[in-house]
């Protein structure tokens, strides 16, 4: 499958640090993929570039073994050097146009959003050649991984579901070209999501989720991933 096809089919996205305290990064990411995680992002602000590149090689090996995607947070230079198929940026990180210029048209690029206006802008940025490939909405609930950022609640998840549901595929002939029928722009709910509330997120309209502690703190990452996917299905039914 192409990277875009893998993104379209993705439902469970995991962000993890380097797990330096446990020393089990390779085993952990392999177990997470085995349990059904579709994308794993290495997000660890404390890493030196050389350390991050070394861990990304480990992540790439596991991703290829399972036929899944792997992602770099914030840094287009690291994404380029590592050959990562996915780059995720925040509102204050490298602008989409600059990231696209750096990485080229084949890279999958995602963006964090926290408001109605940012969601609308993300959807608008998906149109045309080199547009945005996916966006995340959150944090739905307060989370220690994003200290100081207020929770946006389920209302913004509902808004994203409605707004993204009105979109079509990327335009032909550049940004000014006519729209064509196709899949909706993929988006993920993120922030404080765990087994206890994932059904609420799904009921609000999210088909895809990003998690951190729900898997990183689990005794059995593979089982945790399977349980989250089952709950995501249950909430949507």
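Keep in mind that glycine also has a Cβ here, set from the backbone N, Cα and C atoms.
Swiss-Prot has this to say about the protein:
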- 41, 42, 43, 44, 45, 73, 112, 146: 4-amino-2-methyl-5-(diphosphooxymethyl)pyrimidine binding site (BINDING)
- 74, 93: Mg(2+) binding site (BINDING)
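Long-range Cβ proximity for residue 112 (4-amino-2-methyl-5-(diphosphooxymethyl)pyrimidine binding site), meaning a same-chain Cβ under 8 A and a gap of 6 or more residues, is found for 88, 89, 90, 91, 135, 136, 138, 190. The Cβ of residue 44 (4-amino-2-methyl-5-(diphosphooxymethyl)pyrimidine binding site) lies under 8 Å from the Cβ of 17, 18, 52, each of these being in the same chain and 6 or more residues away along the sequence. Of all residue pairs in the 4-amino-2-methyl-5-(diphosphooxymethyl)pyrimidine-binding list (41, 42, 43, 44, 45, 73, 112, 146), the one with the greatest Cα separation is 17 Å apart. The Cβ neighbour count for residue 43 (4-amino-2-methyl-5-(diphosphooxymethyl)pyrimidine binding site), using a 10 Å radius over every protein chain in view, is 18. Sequence-distant neighbours of residue 146 (4-amino-2-methyl-5-(diphosphooxymethyl)pyrimidine binding site) (same chain, six or more apart, CB under 8 Å from its CB) are 139, 191, listed in sequence order.
Residues within less than 8 Å, Cβ to Cβ, of residue 73 (4-amino-2-methyl-5-(diphosphooxymethyl)pyrimidine binding site) and separated from it by at least 6 positions along the same chain comprise 15, 41, 42, 43, 88.
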